[in-house]
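Below is one structure, written out as structure tokens; the observations come after it.
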Amino acid sequence: MPDTVVLDSPPAPRRRLLTLLEKAVAALHPARWGALVLALVLVGAWATHWWSPAPATALLRMQHAQQIVTTTGGQALERSTTLVQLPFRQTRSLPPEQTLWFRWNLDLKAAADPRSGLSGVYFEQICGAARIWFNGRLMFERGRLNAPDAADCLEPILVALPADLLHAGRNQLDLQLAAHGVPQVVSASHAGLVSPVLMGDYRTLDQMRRHQQAFNVSATMALATVVACVGLAALGLGVASQLPYLGYFGAASLGWALVCALMLGATLPLPPLWTQWLMSTVVPPVAVAGMLFLLRYCGLRLSGLELSMALQCLVVPLSLLVAGPERLHMVAPPWFMILAIEMLVTIGAFLHRAWALSRPDFWVGATALMAGAVTLLSEWLLPDGPVLLVGKHAISVLLITMFAGMVWRMQLLFQSALQAAEQARQMAERRAHDVQADMEQNFGQMAELRVEQVTARERKRIAADLHDDLGAKLLTIVHTSESERIATLAREALEEMRLSVRGLTGRAVQLGDAIGDWRSEVMMRLSQGGVELAWDTPDDLLMSERALSARAYVQTTRILREAVSNVLKHSGGSNCEISIRLEANDFELIISDNGKGIPMELDGKLDRGHGMSTMKGRAKQLQGQCLVESGPGYGTTIRLTLPL
């Protein structure tokens, strides 16, 4: 079994953070995207609300106004009254002691009938601090005239006109505006602006106002909130998975959510012009984070290019700071154009590399771009009124779609990793099973080896006892017995005992040594019995390094002795031929004589006489065979075959 490794657990705060991140990652499973789907459904509902047409009611549209420049005391400057066409864009800022007014003179044929419903005045867009009077009464006020905010640009303005204010004949509508000129804002759409004025039924105008506010404010806020959640989720995934590109994507998403918040007029303890500068300085890091995300996502790491991008995040704020709030528009748009070109080039490089290396990642990026393009097209075509900062919805939708695609891609990779891990687990189990089987086999072999060692020691002990006790006594009988027969029997018993002792020792015998021992013994016995010996053994067999086990040597010797004894006692022959061969891995011993053979009355019962069954039994113990060939007057042949 493998050793158990105990790892130190991380500190408690870090462990809690990892637990929260794991839960966040689990919450991003596609089956749990209900919140994101709900947000998209709400956005779709708002879009349906935008597209619903307003009631066809007669409205008075005023596309010209008298522009008057006055002092702070309200006195009109000389030659300051001009007729301007709406929408009017303020191209330059006025001195602090001057105020800009717009005036409309309305000639009504009759006073308003209270039963005809409430009337109203609707401005699709007014950028800057504004005050609205009707017939000398203040009806609406937004922002501070001495410190206008460029973010006061998104919400349309609808002023209700009570029936008692509408007079037959001449009526006067005045707008006092304090705003920044184009040079002081990041985007020209944040400069002072007055749109055409609509006057008519309040309910009709209110529906138009809600459409416009839903598009420019509510949808932007909803999408920015979703993007912020996406950014936090991406950062959590980046920490949990240790993938740098997710960190860059999270930073870009959170940065874009911050830009949207600044565009929506987030309250900061800064002067309005410095808020514009802050928004300009946030855009470069957001763009750089987005480009680094694309480069990391497709596996590109260009140190020089990344360093130049990082330097841009420092150079852009410094250049804006040097230019100052009064020349902000001269510096910011060129930088934004450069960043836009860099972003387009990076997107092209990402798509090219993803197409070559990973088609699923290519389709994730292409789908996000198509979603952004469709949203951008809808921003241009769908709204009836003015659109502030075209593209803000498209970027948010692009980020949301890209994140959804990445999570889908990660889900596929996670499933593939799970399958690979399962395969690896199964393979590890098989390997563990094989290792366990090998260990059990080795243990069995070790046990068998241990038994063999114990058996060998016991055999050696028995052999030593036989040699020391029985051998010594038999040798004494051989030398001291007066009877020749007793001495001969004792000598044979001594030789048999020595052969048994040799088998018990377990030492293998070289084939050449065994053949030499057999030949000398057989030659001596046959010569004493008057039988001529013909020994046939190849020379290469005598020099062979092959060996017989101790057991095979002992049993072969006993078979050979039994066969020679039969030749001497029963054959009556004068010649005996012995040949030894080695065929492949088989040892073959052939013993033939020219005697009278086995009598006819024993035909079919060769195993019962002359020790034949004993010889065959010994051969069978060695997984070999012993064949007997004999006939009256033809002699006898014994063939012994043993596997080596």
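Cβ from N, Cα, C; glycine included.
In TrEMBL this protein carries:
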type	residues	note
TRANSMEM	217-239	transmembrane segment
TRANSMEM	245-265	transmembrane segment
TRANSMEM	277-295	transmembrane segment
TRANSMEM	307-323	transmembrane segment
TRANSMEM	335-356	transmembrane segment
TRANSMEM	362-382	transmembrane segment
TRANSMEM	394-414	transmembrane segment
DOMAIN	430-644	domain 'Histidine kinase'
Query - Contacting positions for the transmembrane segment (277-295) when only residues 6+ beyond its ends and CB under 8 Å are counted - result: 186, 245, 248-249, 251-252, 255-256, 258-259, 262-263, 268, 270, 301-302, 305-306, 309-310, 312-313, 316-317, 320-321, 325, 328, 332, 335-336, 339, 342-343, 346-347, 349-350, 365
Report summary line: With the greatest number of Cβ pairs under 8 Å to the transmembrane segment (362-382), the stretch among 217-239, 335-356, 394-414 is 394-414
Query - the domain 'Histidine kinase' (430-644) [mean pLDDT, rounded to integer] - result: 79
